[in-house]
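A.B. asks: Okay, here's the structure, questions in a sec.
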Amino acid sequence: MEDAQESGECLVQNQKYCVERPIYNQEILQGQLHKRERTPQSLRQKIEHSCRCSSKKAKSHLYSFLPILKWLPRYPVKEYLLGDIISGISTGVMQLPQGLAYALLAAVPPVFGLYSSFYPVFLYTFFGTSKHISIGTFAVISMMVGGVAVRQVPDEVISVGYNSTNATDASDYYSLRDDKRVQVAVTLAFLSGIIQLCLGFLRFGFVAIYLTEPLVRGFTTAAAVHVFTSQLKYLLGVKTSRYSGPLSVVYSLVAVFSKITTTNIAALIVGLTCIALLLIGKEINLRFKKKLPVPIPMEIIVVIIGTGVSAGMNLTESYGVDVVGKIPQGLSAPAVPEIQLIPAIFIDAVAIAIVGFSMAVSMAKIFALKHGYTIDGNQELIALGICNSVGSFFQSFPITCSMSRSLVQESTGGKTQIAGALSSIMVLLVIVAIGYLFEPLPQTVLAAIVMVNLKGMFKQFADVAHFWRTSKIELAIWVVAFVASLFLGLDYGLLTAVAFAMITVIYRTQRPQYRILGQIPDTDIYCDVEEYEEVKEYPGIKIFQANTSLYFANSESYTSALKKKTGVDPCAILAARRKAQKKHAREIKKANKVKKKAVLKLVNSSTNDVEASVKHEIANDGLPANGKFAFVDAGVQDGSPDELEHFVEPKTNVHSLILDFAPVNFVDSVGAKTLKSVIKEYNEVGVCVCIASCSGPVMNELTRLNFFDNTVTRELLFHSIHDAVLACQGKDRSASQTALDH
């Protein structure tokens, strides 16, 4: 620390920044520079270049599409294999209970959660670029899927024709309802995967930037409330319908509390016990993270205990506790998704595709930054698209990255995608061999697992205080995303949040910060005069800066702020001058009338001596001898047009205005017209307008928009603020000297 301080002191004391050069405006600078010759490619040439394929290019594309071909041959077995095995087993142990639990969120039978924890996870090993994220079921995506499934296949529709209390009829009812909801979930996976593939191949990975961190955190916090609410009925063991769409949270809470008296005490005790065990286990893992070789797999422990207790005490028959039920052994045959459902679920699929990608790529970037490698956002889109679309043929619902499993996979020593492949193989063993053992598992245990896993998301409520301190606009985005997603549903809430986030971008460009800059003495550095005491303005020169681009949405506010900040309003000055000139003209006219009346009156007097005396007095003093008329100044007596023309009061003490264009990234046609109008208006009142630090792309845009002409030339554009200041000072001195000479 001391060395750094000494180095800083040496830098201040010993190093100088001395530059002596001419003052550069763009006209002079461009005259001294020689542009490189650039021949733009035609569309045909671009197509030919993109279609040309050499062996090197083909190999590069193949490695890009299948990253496993690049890293697997170089896999250091001795260094990485043990860590990947431990990590794969630890993650697989979490995949199993979470797959079963999140299937309930997706409104499908639990076995489909296992399918979704196997096929996509295994496929990601070949196509993904992140070494540490754990692909599979995730609460938010599962909740979105469940909302669509319930909307498309509500209980009321299926219940028609099943009014019998016969057990066989009830079984058929649930079977038919679940089959239809599975079709919706599978088709969602297929469609969202196709959308992700299209975005990936079209290199549209940047769409994730529109889901900003405050938006995603507000959205996921609302999703956590949705998920928690949906699990209350399983925890309490009450029978209620599942709701989707606007106000579904309210309806769900009303339905649960209206049947609170029918709570299954056995289910509640089992659920609360599991919640307590899971919270204790997570706290132990957190406190002793450095001492434990691997985290304690409390979720699978709770599942095993819950299954054993349920089977041993026969909770279903004795206490009416709902259990997972039938888990088919083995993999199901491939099936084509229901294509006819696509029009009804397309918007939902777009939302799921983008949210899923955003979750995965944000988590992947965190681990990539931590471990020093890069990920390809477009390839991640392709990988997720393949996982979802191919997995849909094997009855898996949409998946993405799970934050909790990814943290476990990374913290337990996972080095590559091999860990993910091993976790999927563990799920496969359960599907083909021992899945039936989990049939007695109480649903309240799965609800407990889901609820405890929401702990991290509920901690995001602390974001409100954080964003209140740092950024009110980001706080507004968080609140809108949360409230809209909570009450309008996750689909409409997400659309509302994205729309609001876009509006805030427009708002920020419409309401930027405007500053008047001044010089730090004896430097070429210019800062805000209101922020620093040492900063001084040059007499007669105003330097105006707006930290935004100039376009149609803010051009009016730009000119308003310019007039307000500089204190120079050309329209007001011209209006004041016209008013003063009119008043001056009226005074001259009135004085001429008085003069004429006085002369006529004196001409009619009877005494020639008096007449001569009066004429003499008028010629010398401009007043009648009797003194009945007010004195008229000699300058006002002469109402000649020449004197009126040279009357330019009131004046402004500003002779030059410099617009700092360093923050300006682009200018559109409206902005260019506004800028040109500003220059001409200020010129009319004798204020010279210059533009400083204009970037090359903005210069090119101004040229394309025909901004420059005989009155607005490139001589008004300067390389830096200091160039413009020196030029304005020199011009003012020349003008003052010329005025003195005349």
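Note: Cβ is positioned from N, Cα and C throughout, glycine not excepted.
Quick paste of what Swiss-Prot says about this protein:
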TOPO_DOM  1-76  topological domain 'Cytoplasmic'
TRANSMEM  77-106  transmembrane segment
TRANSMEM  110-127  transmembrane segment
TOPO_DOM  128-138  topological domain 'Cytoplasmic'
TRANSMEM  169-202  transmembrane segment
TOPO_DOM  203-212  topological domain 'Cytoplasmic'
TRANSMEM  213-236  transmembrane segment
INTRAMEM  248-259  intramembrane segment
TRANSMEM  265-288  transmembrane segment
TOPO_DOM  289-297  topological domain 'Cytoplasmic'
TRANSMEM  339-373  transmembrane segment
TRANSMEM  377-394  transmembrane segment
TRANSMEM  403-412  transmembrane segment
SITE      S404  site 'Controls the anion transport'
TOPO_DOM  413-416  topological domain 'Cytoplasmic'
TRANSMEM  417-438  transmembrane segment
TRANSMEM  443-470  transmembrane segment
TRANSMEM  472-487  transmembrane segment
TRANSMEM  490-510  transmembrane segment
REGION    511-733  region 'Extended region for STAS domain'
TOPO_DOM  511-742  topological domain 'Cytoplasmic'
DOMAIN    531-728  domain 'STAS'
A.B. asks: Restricting to the topological domain 'Cytoplasmic' (413-416), report the mean pLDDT as a whole number.
C.D. replies: 87
A.B. asks: Any chance the transmembrane segment (377-394) and the transmembrane segment (77-106) have 3 or more Cβ pairs under 8 A, given the pairs are 6 or more apart in sequence?
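C.D. replies: When sequence-distant Cβ pairs are counted, the transmembrane segment (77-106) does not touch the transmembrane segment (377-394), since fewer than 3 lie under 8 Å.
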A.B. asks: Once near-sequence residues are set aside, which residues in the chain of S404 (site 'Controls the anion transport'), 6 or more away, have Cβ atoms under 8 Å from its Cβ?
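C.D. replies: Sequence-distant Cβ neighbours: M94, Q98, N453, G456.
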A.B. asks: How about the transmembrane segment (339-373) with the transmembrane segment (490-510) - do they touch, taking at least 3 C-beta pairs under 8 Å (6 or more apart in sequence) as contact?
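C.D. replies: As far as Cβ distances go (cut-off 8 Å, pairs 6 or more apart), the transmembrane segment (339-373) and the transmembrane segment (490-510) touch.
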A.B. asks: In the same chain, who gets a Cβ under 8 Å from the transmembrane segment (169-202) while lying at least 6 residues past its ends?
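C.D. replies: Same-chain contacts beyond the ends: 106-109, 112, 145, 148-150, 152-153, 155, 158-159, 162, 335, 337-339, 341-342, 345-346, 348-350, 352-353, 356-357, 378-382, 384-393, 395-399.
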A.B. asks: Residue list, the transmembrane segment (213-236) vs rest of chain: Cβ under 8 Å, 6 or more residues beyond ends.
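C.D. replies: Result: 104-105, 139-140, 143-144, 146-147, 242, 248-249, 252-253, 255-256, 260, 263-264, 267-268, 271-272, 322, 355, 358-359, 362, 443-444, 446-448, 450-451, 454, 457-458, 460-461, 463, 467, 474-475, 477-486, 490, 493-494, 497-498, 501.
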A.B. asks: Under 8 Å between C-beta atoms and at least six residues away from its ends: which parts of the chain pack against the transmembrane segment (110-127)?
C.D. replies: 65-68, 95-96, 98-104, 134-137, 182, 185, 324-328, 331-332, 379, 382-384, 386-388, 390-391, 394-397, 399, 417-418, 420-421, 423-425, 427-428, 430-431, 435, 438, 446
A.B. asks: Against which stretches of its own chain does the transmembrane segment (265-288) lie, if we need a Cβ under 8 Å and a gap of at least six residues from its ends?
C.D. replies: 234-237, 295-296, 298-299, 301-302, 305-306, 309-310, 315, 318-322, 442-445, 447-449, 451-452, 455
A.B. asks: Tally Cβ pairs under 8 Å between the transmembrane segment (403-412) and each listed stretch (77-106, 443-470, 472-487, 490-510), then give the stretch with the top tally.
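C.D. replies: When the Cβ pairs under 8 Å are tallied, 77-106 comes out ahead.
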A.B. asks: Provide the three-state DSSP residue tally for the topological domain 'Cytoplasmic' (289-297): helix first, then strand, then coil.
C.D. replies: 0 helix, 0 strand, 9 coil
A.B. asks: Below 8 angstroms Cβ to Cβ, which residues of this chain, lying six or more residues outside the topological domain 'Cytoplasmic' (413-416), approach it?
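C.D. replies: Hits for the topological domain 'Cytoplasmic' (413-416): 71, 75, 79-80, 82-84, 86-88, 91, 131-132.
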A.B. asks: Can you name the far-off residues of the same chain, 6+ from the ends of the topological domain 'Cytoplasmic' (203-212), with a Cβ under 8 Å from a Cβ of it?
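C.D. replies: For the topological domain 'Cytoplasmic' (203-212), the sequence-distant neighbours (Cβ-Cβ under 8 Å, at least 6 residues beyond its ends) are 219, 354-355, 357-358, 361-362, 376-378, 380-381, 474, 477, 498, 501-502.
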A.B. asks: Near the topological domain 'Cytoplasmic' (289-297), which residues from the same chain, at least 6 beyond its ends, have a CB less than 8 A from one of its CBs?
C.D. replies: 86, 90, 93-94, 281, 408, 411-412
A.B. asks: Go through the chain and flag residues at least 6 beyond the ends of the topological domain 'Cytoplasmic' (128-138) whose CB is under 8 A from any CB in it; none is fine as an answer.
C.D. replies: 67, 91, 95, 98-99, 102-103, 106, 113, 116-117, 120-121, 356, 359-360, 363-364, 367-368, 371, 373-376, 379-380, 383-384, 387, 397, 399-403, 405-406, 408-410, 414-417, 420, 423
